[in-house]
Amino acid sequence: MGTHLERIWLCIKNALPKSARTCIWLLKIILPISLLVRLLEYSGWLAEISGFLSTLFSLVGLPGETAIIFITSTFGPLYAPIALITSMSLGLREATILAIMCLVSHNLIVESSIQAKTGSSFWGMTILRVSMSFLIAFTLNLVLPEWSGQTVGKALAATQDTSLKEVLILWITGSMSVIITILLIVTGLMILHNVLDEFRLMKKLSDLFAPLMKIFGLPRDAAFLWLVGNVVGLAYGGAIMVEQMQLKKLTQKEGHLLNHHLAVSHSLLEDTVIFVAIGIPALWILGTRLLFAIAVVWGRRLYNFIYSRNVIKRPLEG
């Protein structure tokens, strides 16, 4: 018993320095971006940017004013866009389409930066997520039932303008919560991973999820990172993903495939719950993202196969 406790204590000690470095790196990305979003909202530029996209949103069955919700989601976590959705009177059909767009493309700068740290292209992941948001929305607009009479949210009266001082105070108080959350989640994940490694539970975990990974088109060694990405998301789970890639637990090619999946479908636990709480159907939130994530990965694998065959043929033809 004592030996087990000593091994666990060693796992904790080894995790703390790595956790501290990773938390600092994450906060250097997250805090400036959150301040930028607050200032964009205060200046009115966010609303101006959204106005240019209203025509595009009409093509996927959404009213033009929903563009500001999608734009807001790309700069940060989902709580701000959810607050905006509940402040409008949207039909359940429109709210479902918009919710899935936000789920795929939220917190873009932070999460694409994390994926870039694991070996994928920042712009490649960003373009993939935004383009998939609109492709999924376009598809859902064709297949979703009308759900007539069902609405999400309620239109609210305009509120008084917030002063710049209040904006900064809101940012500071919000940042304190973010710092504490990141410290707890990242440190917990680092310790958990060290314990799983120390007691050789990683292989059992990989074996348990191997059939699922096969369907997803992912390597069985990606099972733990897939779980991390879907339980706590990319922003918080990215720390352990970066560490695993640096330790060569996955090849760069395997990590790139995992990033393609997680770009479309991640944080299946928390993000699903908060949208279900405002009335969005869980089946559409989960099923749609998983199906498109599977399609993206197998599409990427097909591209890799065709590309590798062409590379082999060229020297032979020469």
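Each Cβ is built from the backbone N, Cα and C atoms, and glycine gets one as well.
Under the heading transmembrane segment, TrEMBL lists 24-40, 52-71, 91-110, 122-144, 168-196, 223-242, 273-299. Taken from TrEMBL, the feature domain 'Nucleoside transporter/FeoB GTPase Gate' covers 24-104.
Residues of the domain 'Nucleoside transporter/FeoB GTPase Gate' (24-104) grouped by DSSP class, helix first, strand second and coil last, total 66 helix, 2 strand, 13 coil. Tertiary neighbourhood of the transmembrane segment (223-242): same-chain residues 19, 22-23, 26, 30, 77, 107, 110-111, 114-115, 117-118, 181-182, 185-186, 189-190, 193, 196, 202, 205-206, 208-210, 212-213, 216, 250, 255, 258, 261-262, 265-271, selected by CB-CB distance under 8 Å and a gap of 6+ residues from either end.
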